[in-house]
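Everything below concerns the one structure shown next.
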Amino acid sequence: MTIEVRNLVKKFGSFAALDGVNLKVDNGELLALLGPSGSGKTTLLRIIAGLDWPDSGEVSFNGEDALAQGARERHVGFVFQHYALFRHMTVFENVAFGLRVQPRAVRKEEARIRARVKELLDLVQLDWLADRYPSQLSGGQRQRIALARALAIEPRILLLDEPFGALDAKVRKELRKWLRSLHHEINVTSIFVTHDQEEALEVANRVVVMDKGRIEQIGSPEDVYESPATAFVHGFIGESIELPVRIDDGVVRLGERPLRLAADGLAPGASRLFVRRHDMLVGPPGTGAFEGAVRHVRNFGPVQRAEVALFGGETIEIDAPRDRELRAGDRVGLEPRRYRIFAG
């Protein structure tokens, strides 16, 4: 099932939740909508599901107008952050629910329903919990059951709204790998919403980065991380250093200090320099584009996170290998291995 969104606009009063969004999701794709709160990602998901309606624009499934259909007719499976399981039903009954409430004309006979539920519980590797109630399950188990229930009706599209947001970090990491593997098995066109960049980069085939109701960039996880298209994407994905610089006569300046950085093709005026923390290489004073003094050092597993006061007035944090053995008071030269400069 392919999904296409064209010029989608949705406002809540004067607030534009979606501002001219265009997007195509390919058949069998696992796509992540990534962005901060208020970026429009959940609003977009709800409109695709038929749970909300745009002020203008088009949504099509395989070329057919989806906005002419209600939520039931769209045949979409939806997984919420907080499971939405029925507490008074067993795991088996929860998964069977969607099949048992289908219109009589399309409802399967009970034996086929039971076979389908067993198949799904095997798929999510929780067949041994069929007779348990939601209160007897862990958070990760509940979310797997919620996903099995969404798949029971054999949806054309699977939508997931912050599916792992209510789980602890260890369980979230386990379920990311599981979801990627499961999607490979079921091959259903799927979209999931998240504000967790690590989750989006690890799970999705493509990532859509959103901010303020607009799409900032669409690309593979590698593309959006290695080649951010805008200052917002660079600042939102990964841990970046951001410095206010100016381009004057082909020279990059931090305050009044010229930096030995290429400025070819950059327009003169105020700009922003972005460098990943781990891309700032540490050397002796005088050896890099920047110089500064180490103020404070903290150890994080294999790296040191050092706070460095630059000779130019700015203070930054860098990540260096532990064997570099930085100490407070050290004077250092810093050379960005990779960097991007954006106007504005």
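Placed from the backbone N, Cα and C atoms, the Cβ positions cover glycine too.
Sequence annotations record features per position, and here Swiss-Prot assigns ATP binding site to G35, P36, S37, G38, S39, G40, K41, T42 based on sequence analysis. Taken from Swiss-Prot, the feature domain 'ABC transporter' covers 3-237.
Everything Swiss-Prot records as a feature, shown here on the structure.
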{"residue": "G35", "record": "ATP binding site", "CB count, 10 Å": "27"}
{"residue": "P36", "record": "ATP binding site", "CB count, 10 Å": "12"}
{"residue": "S37", "record": "ATP binding site", "CB count, 10 Å": "7"}
{"residue": "G38", "record": "ATP binding site", "CB count, 10 Å": "14"}
{"residue": "S39", "record": "ATP binding site", "CB count, 10 Å": "25"}
{"residue": "G40", "record": "ATP binding site", "CB count, 10 Å": "23"}
{"residue": "K41", "record": "ATP binding site", "CB count, 10 Å": "29"}
{"residue": "T42", "record": "ATP binding site", "CB count, 10 Å": "20"}
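Of the chain residues outside the ATP site list G35, P36, S37, G38, S39, G40, K41, T42, H195, M210, D211 have their Cβ within 8 Å of the site's Cβ mean position. Each residue in the domain 'ABC transporter' (3-237) has a pLDDT score, and their mean in this model is 92. According to its DSSP assignment, T42 (ATP binding site) is helical.
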